[in-house]
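*Asks:* Pasting a structure here, questions to come.
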Amino acid sequence: MKIVLVGYMASGKSTVGRLLARQLGIRFIDLDDYIEEHQKKSIKTIFSEKGEIFFRKLEHQMLNEVLGKEESLVISTGGGTPCYGTNMTIILDEADHSIYLDLSIPNLLDRISKEKENRPLVKNISDKELPEFIGKHLFERRPYYMQAKHILDCNGTDAETVVEKIKELL
Ligand SMILES: Nc1ncnc2c1ncn2[C@@H]1O[C@H](COP(=O)(O)OP(=O)(O)O)[C@@H](O)[C@H]1O
Ligand SMILES: O=C(O)C1=C[C@@H](OP(=O)(O)O)[C@@H](O)[C@H](O)C1
Ligand SMILES: [Mg+2]
């Protein structure tokens, strides 16, 4: 079984995915971590050294590689994964369950503003400009996330409870 989590930056994909996999007793792959392990570089360094187009091509290749594995997996994607090329189509074709962790702009803003450093797309955005940036970016990306098989409202819900809600969907 393959379960893929999608959603904007800081929606909780990595945290919830790790917890969900542990409770289901299956392997967890965070696509960002997988890319970093293969490149032996951080996402931040890949962006700064090679640029975003290189990252997106790599992300597409690694997504295909991970979805092609024969084992049951929980896969946490990066916030941009579903929004480039044919990635969301591939996720819908290959995953048994795709789940959009839906969070409001104020809640995303609260989380992202606390940890911009490791997110290349926002690390140079001022706190003043961040609300507009996230609002615009989410407007562009939400149509991709909304294609997921399940849409889960995660506002005001701790990670453990999000995991319980996901298990009810499976
Ligand atoms: N359900 C939740 N409630 C509150 N904070 C959360 C929840 N899920 C994740 N977080 C926190 O939000 C931040 C982003 O989580 P993360 O799993 O890295 O998101 P993503 O992988 O979608 O970018 C982390 O500091 C994490 O501890
Ligand atoms: O939204 C995006 O385009 C990105 C989100 C990040 O993953 P998280 O959503 O886990 O932060 C990471 O893939 C990269 O910084 C690009
Ligand atoms: Mg993540």
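Numbers here mean position along the shown chain, with the first residue as 1.
Glycine is treated like the rest: Cβ placed from N, Cα and C.
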*Asks:* Could you look at Arg56, Arg119, Arg141 and say which one TrEMBL places alongside Ala10, Ser11, Gly12, Lys13, Ser14, Thr15 in the ATP site?
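*Replies:* Site partner of Ala10, Ser11, Gly12, Lys13, Ser14, Thr15 for ATP, according to TrEMBL: Arg119.
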*Asks:* Within 10 Å of Lys13 (ATP binding site) by C-alpha distance: pick out those among the binding-site residues Asp32, Gly79, Arg141, and say none if nothing qualifies.
*Replies:* Gly79
*Asks:* Roughly how many Å separate the Cα of Ala10 (ATP binding site) from that of Asp32 (substrate binding site), to the nearest whole number?
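*Replies:* Each residue's Cα considered, Ala10 (ATP binding site) and Asp32 (substrate binding site) end up 13 Å apart.
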*Asks:* Can you tell me how far the Cα of Thr15 (ATP binding site) sits from the Cα of Arg56 (substrate binding site), in Å?
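*Replies:* Here the two Cα atoms are 22 Å apart.
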*Asks:* Could you list the residues of the same chain, at least six apart in sequence, whose Cβ is under 8 A from the Cβ of Ser11 (ATP binding site)?
*Replies:* Gly79, Leu101, Asp102, Leu103, Leu108, Cys154
*Asks:* Counting only residues 6+ apart in the same chain, whose Cβ is under 8 Å from the Cβ of Ser14 (ATP binding site)?
*Replies:* Asp30, Asp32, Asp33, Ser76
